[in-house]
Amino acid sequence: MTSTARMGPRYPVLDALRAMAILLVLARHWAVASQAAFGAVPGGPLAVLAANGWIGVDLFFVLSGFLIGSHFTGPHAAPFSRPAVLDFYRRRAFRTLPLYWGVILLCWLSVPFSSLSFITHLLFLQDYLGSDVMVTLWSLAVEEKFYLATPALMFLLTRAGTRTACALLALAMAALCWSMQAGARGVTPGDYAAFFWSVRAPFHHAVLGILAGVLVAVRHGASGTWRAPRSLFLLLAMPPLLLLMWRDWLGLGDWPTVCWIIALSSCLFALLVRCGLAVNCRLPAFGAARPLRHIARLSYALYLVHYPLIGPAMRACRLLLGGGQQAPVPGSLLFLAIYGAMAWAAAWLLHVALERPFLLLRDRMAAA
């Protein structure tokens, strides 16, 4: 097998965290739809956890930053060269574009949208120009822009040395926090749409979590032999869990506070990823539960298809309930079962029909 990058070790804990991230996102959209249809679901901290599931996107960003950064740093990284950069872009293209463009095409065939909107999503500009297709696609626009910049960024960081690179990344993250705070203070409290499109979604703010992941990649590449006990990972998992279960942060409508939550959660997730890697160095099977692996494998497809299925799942739920006013708990639980089943089935079909064939083609091309 010839490739511009050597195969690095697998870290099952990353799959476990990826599964947690998509489950958080699904829980958020389930909670919002359930509350709109059936009223608030009593559940205490668990209901708050579901409401804060939007923070799962920041966990995705941290994981992406680490995985992408690791392509160019650490003992298994490819040396910087034109073939290495082309290999990186090829791998990213086969990983993300077929499924993304396939879903865009399916959306267009179902509910045709304007040519401008089609081009906007085709070029991954929806984080700045907005989305009338699926609002959830904003994060993919952020990641694709980062992919384009990754080789140049990692070239500079690896040449700077570990300490300097970490300092530069920390300074960049601090600058992004300041910029987000400045933008958030100019948004009317409670105006979520204005906050989302002007502060939360744009690449120049959302890249904060990705840079936190790159920082982990740089540190791990320089000291990949650190081994941590499982108890430390479980201990470090408590702060982000408590943060998610404390209160409904978006419900406050206090956008500067929400920005601090985004920054804090990104840092906590980065610490968790760093520790999880160290645990896997000591316990290679940690995080390798089969259900989590399956969820992680379908996480990209799940992220792409879950949102447009909210409407069909709710209609099916109301049909089974027979109409009329329903109590929040039984209605929400039935909707959860239908929504989860539909999202899983659609994600599996897309994975089999689009995602997996292109990933296999990518691997065959790399082995040629």
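The backbone N, Cα and C atoms fix where each Cβ goes, and this holds for glycine too.
If you look up TrEMBL, you'll see 14-350 marked as domain 'Acyltransferase 3'.
Residues 5, 8, 14, 17-18, 20-32, 43, 78, 80, 84, 88, 92, 139, 142-143, 146-147, 150-151, 154-155, 158, 206-218, 220-221, 241, 243-245, 248-251, 261-262, 265-266, 269-270, 273, 303 of the same chain lie 6+ residues outside the transmembrane segment (49-72) yet bring a C-beta within less than 8 angstroms of a C-beta in it. The transmembrane segment feature in TrEMBL is assigned to 49-72 (among others).
Long-range contacts of the transmembrane segment (99-124) within its own chain (CB-CB distance under 8 A, at least 6 residues past either end) are made by residues 130-134, 137, 140-141, 144-145, 300-301, 304-305, 308, 350, 354-355, 358. Feature annotation from TrEMBL assigns transmembrane segment to 99-124 (among others).
Here TrEMBL flags 136-157 (among others) as transmembrane segment.
Within its own chain, the transmembrane segment (164-181) is flanked in space by residues 157-158, 199, 204-205, 207-208, 211-212, 214-215, 218-219, 256, 259-260, 262-263, 266, which lie at least six positions past its ends and keep a Cβ under 8 Å from the stretch. The transmembrane segment feature in TrEMBL is assigned to 164-181 (among others).
Positions annotated as transmembrane segment by TrEMBL: 201-219 (among others).
Residues or ranges marked as transmembrane segment in TrEMBL: 231-249 (among others).
Under the heading transmembrane segment, TrEMBL lists 255-279 (among others). Through the fold, the transmembrane segment (255-279) approaches residues 11, 13-14, 16-17, 55, 58-59, 61-63, 66, 173, 176-177, 180-181, 184-185, 187, 189, 195, 199-200, 208-209, 212-213, 215-216, 219-220, 224, 226-230, 232-233, 236-237, 239-240, 243-244, 249, 286-287 of its own chain, all at least 6 residues removed from its boundaries and within a Cβ separation under 8 Å.
According to TrEMBL, the transmembrane segment annotation covers 300-321 (among others). Counting residues 6+ beyond its ends, the transmembrane segment (300-321) has Cβ neighbours under 8 Å at 22, 25-26, 29, 33, 37, 60, 96, 99-100, 103, 107, 110, 134-137, 331, 334-335, 338-339, 342-344, 346-348, 350-351, 355 in the same chain.
Taken from TrEMBL, the feature transmembrane segment applies to 333-354 (among others).
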| query | Under an 8 Å Cβ to Cβ limit, what residues of the same chain, 6 or more beyond the ends of the transmembrane segment (231-249), are close to it? | reply | 13, 24, 45-46, 48-49, 51-53, 55, 257-258, 261, 264-265, 268-269, 271-272, 275-276, 278-279, 286
